[in-house]
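Each remark here refers to the structure printed beneath this line.
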Amino acid sequence: MPKRQDIQKILVIGSGPIVIGQAAEFDYAGTQACQALKEEGYEVVLVNSNPATIMTDPTVADRVYIEPLQAEFVARIIRKERPDALLATLGGQTGLNLAVELDRLGVLAEYGVELLGTKLTAIEEAEDRDLFRKLMFKLGHGVPESEIVHTVEEAEQFCAKIGLPIIIRPAYTLGGTGGGIAETMDEFIRIVEGGLKASPATQVLLEKSIAGMKEVEFEVMRDATNQAIIVCAMENFDPVGVHTGDSIVFAPTQTLSDRDYQMMRNVSLDIIRVLGIEGGCNIQFALDPVSFTYYVIEVNPRVSRSSALASKATGYPIAKLAAKIAVGYALSELKNPITETSFASFEPALDYVVAKIPRWPFDKFESADRTLGTQMKATGEVMAMGRTMEEALLKAVRSLEIGQADLHMNRFAEMNEADLHRHIIKATDERLFALYAGIERGHTVEQLHEWTSIDRLFLEKLHHIHRIEQDIVKHGLTPERLRHAKRYGFSDQMLARITQQTETAIRQIRNESGLHPVYKMVDTCAAEFASDTPYYYGTYEVENEAVPTTRPSILVLGSGPIRIGQGVEFDYATVHSIQAIREAGYEAIIVNNNPETVSTDFSISDRLYFEPLTTEDVLEVIRNEQPIGVIVQFGGQTAINLAESLEAEGVKILGTSLEDLDRAEDRKQFEAALTQLDIPQPPGKTAVTVTEATAAASELGYPVLVRPSYVLGGRAMEIVYGEQELEHYMKHAVIASPERPVLVDRYLTGMELEVDAICDGTDVVIPGIMEHIERAGIHSGDSIGVYPPQRVPQAIKELIVDYTTRIAKAFRIKGLLNIQFVFADGELYVLEVNPRASRTVPFISKVTGLPVARLATNVILGDTLASYGLTSGVLPEEKLVSVKVPVFSFAKLKEVDPSLGPEMKSTGEVIGTDRTLEKALYKGLIASGMAIPEHGRVLLTVADQDKQEMLDLAKRFTALGFTLLATAGTASVLEEHGLRVQVVGKLGSEQGSMLEWIEKAEVEYVINTMSRDSQVTKDGFIIRRAAAENNVVCLTSLDTAEALLRVIESLSFEASAIQPFDYMKKAVAR
């Protein structure tokens, strides 16, 4: 079937901000889809709310709207643009839910907009739990015994009938939001209540637990002619019961018999055909390992996280081909872009093993419940490829950047047997390491299988790694054993641990024996067809397929897995850098290990190496490619942290020199440089011991801001109010050393400001100054950022330009730098300087129209800013106001405190742009998922130091018609100032406690600020968690509350009584 000629303009819906369950994979899918549609000559209009993505670049679509993904806003775009068709299946769950809502509201019918690809009936049959179950029965496919319920009472009746454990799956949610496995009645009621609240349809599926069965996923494609293929079959290391996004996954499947595989393949093809899905689809199965019984767990009728993994694992570009199928093409008409000779109707074949390991945020949230279940908790993932399962797994482990070079974790090695047993049987982010510790202690594969239900083959592979390790311990590292260990993925660092040598010593042994990896091509066809797509992975074999070209090349280091503090913003900068390198005539090489991102799309760079971002792995790529230099500025802290070890091995770092990177990162050198420049900075000191830290704090005066050096995202950063707190921080939160001391600064409260700047050694260009709504003390990544600044005097703007220019030149910056300031007590202070791309680069690029990362790359390559018509200073301010609003995933992470502070907690961001600050804020807050009721109840529970400031906010809420709720202490303060308050009970009150109000969602807003009193702090945590779990807006900063008030005031009409006539009084007076 040829492409459709009856449509010209297509609206593509993106997936919005990065949240747990919906990450960068949709930036990759959406970008591919837009490019595919433009290739075919269609006019493409894109709507998405996320400024941090390549997808929202102006070049990706013909017109890009960065607007809230709400029916109200998308309907406006449809009215304005009048598209012929809508493509929603590349926008994740957000895109699907929005398409369903637009259809329900009649918007699509009113404007004659056709839904491309998968039809609404198929979406509803796959997403609606009841319809899906009925379809599976009709087709004769197994589904677990289950029932759809809409109330807790219905749920209790089903539980009484089949008994516990029960799996709870809410309908139309993302990443298992609101779901879980209930082992007890209390758990069951709690999860059902949460699931009903989380589901837009107030519908949950209760099913008899099949936890412990083998979990398998099939990625399937179908076109309108009913051709269908399996792109990739993947097998989870963890049995059913752990969300697939939280599971270690292998591709191709490793433990299935051919009969099992063919059975589920046929079922997958049957399901996609009956549903009539046109494009990509993900089907999840539970398989009984001892019989041929299977159950269909769920069908995702869209491109998903697994699609991105399958695309990168096989090289088959699912999203691109799904977009082409949506406009009428058949699989047999589409060429496979990797081979360019075979067609997309050929099923991919793999001659290597792929391992995916999730990246969890528990290093940021140590209080979080680390148990893994049906509700996803990972923020990102890594992927690795090898010729053996062991190699792929070990490469993936060292890609995680969690301080683990291999499977041996000291904490588990030193643990007592009972505690280790608990860590083995319980699914957590660390169970893989606990299993290895069990093997080190002599537990058999059979024992571990009995305890965990993990397939024996997977456990045998862990056992094999341990046997290789023990062989080296007993017999030494001979050349044969070295080669054997390398073939199974042992890194130099791992071998250094085993042999008690240094990593450098192992590298030297390897270099002397000429032992290096070769690079194999990912070609979708196991070398059946000729392919020259430069997409490689390293392995220890004989033939090297990555033959370097003669053109001069530059290597860019990616930023690794998505995590809090280092998100998709860094991938955005990396992609722009690669594009600039290619445009400058160099060959662009990238090393990265994240399957979700645009940077690991093989069509972006000239050569893609899917490898761990470690010194060893990067050096081997450099040895093979011999680039003229390496760029580390765009890969976040991951890349910056590799600069020193690479330069020590003779690698040329392009851009800002290592010496100058160190001067900015090293506290003493940084302070000395600012003192020499006569630029104010908060008084501060460094400390290596508890004594040094307490002495520094006493001298500076409490409160102090403490943090480790060389970190990103405010990792382990805290505001400390007393000596006891500081001692606890030094003993538990950080490991200080002379090379990496703890920084102790006086804590300044004031307005925080931020700039990104580009320096070529002569000129310093600042695209724009960003102002933070929240005062200093809340991490910049968690603050609402405003451009252009609204409250900053002209004299301070000029001072920011002056300080930035002088710092950039003094630190000999070549490329990008980011500076954070605080304006406190009439003085402008420099808080920190980052000599690299920051997370605000995509935002400032989009709101100013200056491609910051691309321009910085051109400067690194030798261009001057003057050659682009740019001179030193800040660009003229834009007329529209833009706000960057952080997005959090607190509902997914139980036990995490939703209060904001100096350690970053947001997973993503959205943008709001309009003519006034209030309108921009409204769009930004709505886009972030916040509901903004214009009347109702506000619960005020604030710390004593905030009560005076709270009064003004309380008066303004009252003027808008809100009812104020407060506990007795806060209520008395409000009543003293003439405000009417409804008194509510404290936590633990027998009736009418504030917790009841929140749990029943009978308040619209909770304003809660942190107290230093330990009991009050504990109560505050319970209040904030209750708000997060019941979808009640909770604000922990009065600055954010004031911004919200401005928005509500701008939406509200004044309701004033008319004035009495006074001319009669005047006449009488005369």
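Note: Cβ is positioned from N, Cα and C throughout, glycine not excepted.
Under the heading region 'Carboxyphosphate synthetic domain', Swiss-Prot lists 1-401, citing sequence analysis as support.
Taking the Cβ of GLU215 (ATP 1 binding site) as reference, residues of its chain lying under 8 Å away and at least six apart in sequence are, in sequence order, GLU235, ASN236, ASP238, PRO239, VAL240, VAL242, THR244, SER247, GLN284, PHE285, ALA286, LEU287, ILE297. In the three-state DSSP classification, GLU215 (ATP 1 binding site) falls within a strand. Taken from Swiss-Prot, the feature ATP 1 binding site covers ARG129, ARG169, GLY175, GLY176, LYS208, ILE210, GLU215, GLY241, VAL242, HIS243, GLN284, GLU298, and the record attributes it to sequence analysis.
Taken from Swiss-Prot, the feature domain 'ATP-grasp 1' applies to 133-327, supported by sequence analysis.
Annotation note: GLU298 (Mn(2+) 1 binding site) sits in a strand segment as assigned by DSSP. Under the heading Mn(2+) 1 binding site, Swiss-Prot lists GLN284, GLU298, citing sequence analysis as support.
The annotation Mg(2+) 1 binding site is assigned in Swiss-Prot to GLN284, GLU298 on the grounds of sequence analysis. The Cβ of GLU298 (Mn(2+) 1 binding site) lies under 8 Å from the Cβ of ALA126, PHE132, ARG169, ILE283, GLN284, each of these being in the same chain and 6 or more residues away along the sequence.
In sequence order, ALA126, CYS281, ASN282, ILE283, GLN284, SER306 are the residues of the chain that are 6 or more apart from ASN300 (Mg(2+) 2 binding site) and have a CB within less than 8 Å of its CB. The feature Mg(2+) 2 binding site is assigned by Swiss-Prot to GLU298, ASN300, with sequence analysis given as support.
Marked as Mn(2+) 2 binding site by Swiss-Prot on the basis of sequence analysis: GLU298, ASN300.
Positions annotated as region 'Oligomerization domain' by Swiss-Prot, on the basis of sequence analysis: 402-546.
The feature region 'Carbamoyl phosphate synthetic domain' is assigned by Swiss-Prot to 547-929.
Per Swiss-Prot, domain 'ATP-grasp 2' is recorded for 671-861, and the stated evidence type is sequence analysis.
For GLY777 (ATP 2 binding site), the Cβ neighbour count at a 10 Å cut-off comes to 19, with all displayed protein chains included. Look at Swiss-Prot and you will find ARG707, ARG746, LEU748, GLU752, GLY777, ILE778, HIS779, SER780, GLN820, GLU832 tagged as ATP 2 binding site.
A 10 Å cutoff on Cβ-Cβ distances gives GLN820 (ATP 2 binding site) a total of 20 other Cβ atoms nearby, all chains included. Sequence annotations record features per position, and here Swiss-Prot assigns Mn(2+) 3 binding site to GLN820, GLU832 based on sequence analysis.
Annotation comment: Swiss-Prot describes GLN820, GLU832 as Mg(2+) 3 binding site, evidence class sequence analysis. In the three-state DSSP scheme, GLN820 (ATP 2 binding site) falls into the strand class.
DSSP assigns GLU832 (Mn(2+) 3 binding site) to a strand in the three-state reduction. The feature Mg(2+) 4 binding site is assigned by Swiss-Prot to GLU832, ASN834.
Non-local neighbourhood of ASN834 (Mg(2+) 4 binding site): ALA664, LEU817, ASN818, ILE819, each in the same chain, at least six residues away, with C-beta under 8 Å from its C-beta. Here Swiss-Prot flags GLU832, ASN834 as Mn(2+) 4 binding site, drawing on sequence analysis.
Positions annotated as domain 'MGS-like' by Swiss-Prot: 930-1070. Taken through DSSP, the domain 'MGS-like' (930-1070) splits into 68 helix, 21 strand, 52 coil.
If you take the CA of GLU832 (Mn(2+) 3 binding site) and look 10 A around it, the binding-site residues you hit from LYS208, ARG707, GLN820 are GLN820.
HIS779 (ATP 2 binding site) counts 22 other C-beta atoms within 10 Å of its own C-beta, drawing on all protein chains shown. Between the two most distant C-alpha atoms of the annotated ATP 2 binders (ARG707, ARG746, LEU748, GLU752, GLY777, ILE778, HIS779, SER780, GLN820, GLU832) there are 18 Å. Within the same chain, residues at least 6 positions away in sequence whose Cβ sits under 8 Å from that of ARG129 (ATP 1 binding site) are SER146, ILE148, ARG169, ALA171, GLN203, VAL204, LEU205. The two recorded residues, HIS779 (ATP 2 binding site) and LYS208 (ATP 1 binding site), show a Cα separation of 44 Å. Counting every protein chain shown, the number of other Cβ atoms lying within 10 Å of the Cβ of LEU748 (ATP 2 binding site) is 21. ARG129 (ATP 1 binding site) falls within a helix when secondary structure is assigned with DSSP.
Cβ neighbour count for ARG707 (ATP 2 binding site): 20 (other Cβ atoms within 10 Å of its Cβ, all protein chains included).
For LYS208 (ATP 1 binding site), the same-chain residues 6+ apart in sequence whose C-beta sits under 8 angstroms from its C-beta are PRO144, GLU145, SER146, ILE162, ILE166, ILE167.
For GLN284 (ATP 1 binding site), the Cβ neighbour count at a 10 Å cut-off comes to 19, with all displayed protein chains included.
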